[in-house]
Amino acid sequence: MHLEGRDGRRYPGAPAVELLQTSVPSGLAELVAGKRRLPRGAGGADPSHSCPRGAAGQSSWAPAGQEFASFLTKGRSHSSLPQMSSSRSKDSCFTENTPLLRNSLQEKGSRCIPVYHPEFITAEESWEDSSADWERRYLLSREVSGLSASASSEKGDLLDSPHIRLRLSKLRRCVQWLKVMGLFAFVVLCSILFSLYPDQGKLWQLLALSPLENYSVNLSSHVDSTLLQVDLAGALVASGPSRPGREEHIVVELTQADALGSRWRRPQQVTHNWTVYLNPRRSEHSVMSRTFEVLTRETVSISIRASLQQTQAVPLLMAHQYLRGSVETQVTIATAILAGVYALIIFEIVHRTLAAMLGSLAALAALAVIGDRPSLTHVVEWIDFETLALLFGMMILVAIFSETGFFDYCAVKAYRLSRGRVWAMIIMLCLIAAVLSAFLDNVTTMLLFTPVTIRLCEVLNLDPRQVLIAEVIFTNIGGAATAIGDPPNVIIVSNQELRKMGLDFAGFTAHMFIGICLVLLVCFPLLRLLYWNRKLYNKEPSEIVELKHEIHVWRLTAQRISPASREETAVRRLLLGKVLALEHLLARRLHTFHRQISQEDKNWETNIQELQKKHRISDGILLAKCLTVLGFVIFMFFLNSFVPGIHLDLGWIAILGAIWLLILADIHDFEIILHRVEWATLLFFAALFVLMEALAHLHLIEYVGEQTALLIKMVPEEQRLIAAIVLVVWVSALASSLIDNIPFTATMIPVLLNLSHDPEVGLPAPPLMYALAFGACLGGNGTLIGASANVVCAGIAEQHGYGFSFMEFFRLGFPMMVVSCTVGMCYLLVAHVVVGWN
């Protein structure tokens, strides 16, 4: 803070004061505690010569050279402030359009700063009215400033007109009102539809099947039913054996009359056969479903016969239910719901968490309408709590870890290793993330890397968004290299029948590792090409960037405070005043600062010395505790994949590690740690799991798999393997960029296995599984919600004030996905078609 004249130049003898203390000064604290108002000034110079009138009741004005705390203290007895009126100012120039913060007050060459205080209200004003007036003026000021900042130079003159600004403000409020009312009407409609249809549940029948007798039952059809769903539970396997006819199986026959029958011709009997193979391990149970089309309203007959090698009976559970709506109708509804969710996220109409919740509600309402409404217990079972536990535990670990200053230390070390070369640092970070994600879960990798990257970019005055997007893309690529790097790979390797074909851990990892290395060699130059015309450095100096970020954080803090009490209202008003004061300072710095930043830091040696003094380890003892616990957690992650005797999954390991560190760190204020947890990200994943399972019940994923199999069968035999690899890679990539790759992979494995077992097709299973792995893992880079690591990275970045939108990720992620899938497809074609590595 300094004194300036009318021409904007500093006075040579004026003292320069730098305000670094962010806490409330002592004088202001005493004034708040005493609940006093500044009295009328009796002595001193007349303030009207240097400060304007008409600001009483909302702000007071202090000379810039006077000490802030002493100014408030002296104001009690002999203040030189303007006279406080007992009512609102009647000055005609003080209206709703009057700015709360004046940029410069030139009167006799001096400058004043505004001092906001929640006690500067008159006796006739209520606290709530004053607070509402403050926030109304604050929002109006923000709206006008936002319009001014976003306007181009050509439109600046038009936007300066109050009439244009008023019309734009009314239009914005109208669009906002239409959005809220439209979404509210949609939610009410879905809620009504969901409540009209009851949860019928499934009535399971216990059957004892033997090769000596069959089981049969007659079902009466419903009037409005078009589908019949039959569920079987027991020792079943989803896919058929490699050599059909030699395994134990059961055959479900569904017989009904043809709808084309008339009174002159007897209706023909139509029989649907469903063959289900039994698991040799009778203790492993699973549930399988099959949907049949109901042709008429006549009685439907179900017959079940078993083909067993022994005469011992096999227990089996069976349930059935009628559904409304054909498969094509359900797929159309599911596609519309998925498109609506993506529209809400792409155009940022609502937050992505709320968009996923709206999509889940719409999908549940659609299931209720067709007659398959799930119970609350069933919906909760759809949520993958292992993933949520992993996220929650690692967020707790990272929150405590950040208190040690380790992330700042790592940022300085990375800056030293790169020797000031930005692209060398970015490639190094992406390569380390790719290698680490090959052995760790992608979510864990981004939870550890995102805070370090953000701090490093702040030190180097880089835009963290661009670096984080590149980092998470290479994390997803590196996760596809091993059998434990990505969930689709784990699902493929865990299949017992695929293990018999040679797709074990070592074979799968060796095959995928070669292909991913080729993908990395192509994607690193592509990343440089895509960022060729993008400015990774911030356009403003680091001081301006930090000030903007500070304003953003203060504004978010003020918005999160709910004014439920008088004290909270006072704090909220103080925070809003802080935001306005910082915006005034930002406007001055933007007006005076002009600096051109080169693409390479020439003075990196000088900067590294300053950074090492500024960014050090703040708590060495806590750092040792964090490194011990985190190292043990990562070691258990590795051990869990290779040692079957450890009965802990990733979620349990992360939760236990978080509890250990909470005890060792001796955390007393637990709420501070909970504030660091990304609850919006956890809710987004929970809603996304429900949405994907509901879409699977609407036959969307099954329909995609069946259509892919039909396209492969249509290709001539000599070109069928080429077509199968190409189709599976691209269908998996596009589907995984839109929906969760875990249920898609679990659905596609039986489809591809049945396709390979079909003697008319004659395709080997390993190339299809490798194509599925490449597409499902690399396809997650296509969109922001295509992979779990993308959502986690975006959530942490948003918590730090550097959130990126769907389109910002899409501009880089989708081209990288297309190129990486193309390289992976070419590798599979050479390996399995040319070389014959099957």
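Just so you know, glycine gets a Cβ as well, placed from its N, Cα and C.
Here Swiss-Prot flags 38-60, 74-94 as region 'Disordered'. As annotated by Swiss-Prot, compositional bias 'Polar residues' applies to 78-87. Positions annotated as transmembrane segment by Swiss-Prot: 180-197, 331-347, 354-370, 385-401, 424-440, 514-530, 621-637, 648-664, 680-696, 721-737, 761-777, 818-834. Positions annotated as topological domain 'Extracellular' by Swiss-Prot: 198-330, 371-384, 441-513, 638-647, 697-720, 778-817. Sequence annotations record features per position, and here Swiss-Prot assigns N-linked glycosylation site to Asn214, Asn218, Asn273, Asn442, Asn781 based on sequence analysis. Positions annotated as topological domain 'Cytoplasmic' by Swiss-Prot: 348-353, 402-423, 531-620, 665-679, 738-760, 835-838 (among others).
Overlay of Swiss-Prot feature records on the structure.
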residue : record                      : Cβ within 10 Å
Asn214  : N-linked glycosylation site : 13
Asn218  : N-linked glycosylation site : 10
Asn273  : N-linked glycosylation site : 8
Asn442  : N-linked glycosylation site : 29
Asn781  : N-linked glycosylation site : 34
Distance from Asn781 (N-linked glycosylation site) back to Asn214 (N-linked glycosylation site), taken between C-alpha atoms, in Å: 51
Rounded Cα-Cα span from Asn442 (N-linked glycosylation site) to Asn781 (N-linked glycosylation site), Å: 12
Surrounding residues of the transmembrane segment (680-696) on its own chain - C-beta under 8 Å, 6+ positions past either end: 334, 337-338, 341, 351-353, 356-357, 359-360, 363-364, 366-367, 374, 379, 382-384, 387-388, 391-392, 702, 739-740, 742-743, 747, 785, 788, 791-792, 795-796
Tertiary contacts of the topological domain 'Extracellular' (697-720) (same chain, 6+ residues out, Cβ under 8 Å): 291, 327, 330-331, 333-335, 338, 363, 366-367, 370, 372, 374, 727-728, 731, 735, 739, 743-744, 747-748, 751-752, 754-755, 760-763
The transmembrane segment (621-637) vs the transmembrane segment (385-401): 3 or more CB pairs under 8 Å: yes
Recorded stretch that, among 331-347, 354-370, 721-737, 818-834, has the most CB pairs under 8 Å to the transmembrane segment (180-197): 354-370
DSSP three-state assignment (helix, strand or coil) for Asn218 (N-linked glycosylation site): strand
Collapsed DSSP category at Asn781 (N-linked glycosylation site): helix
Across the topological domain 'Extracellular' (697-720), average pLDDT on the 0 to 100 scale: 90
Structural state census, the topological domain 'Cytoplasmic' (402-423) (DSSP three-state): 18 helix, 0 strand, 4 coil
Asn442 (N-linked glycosylation site): secondary structure state under DSSP, collapsed to three categories: helix
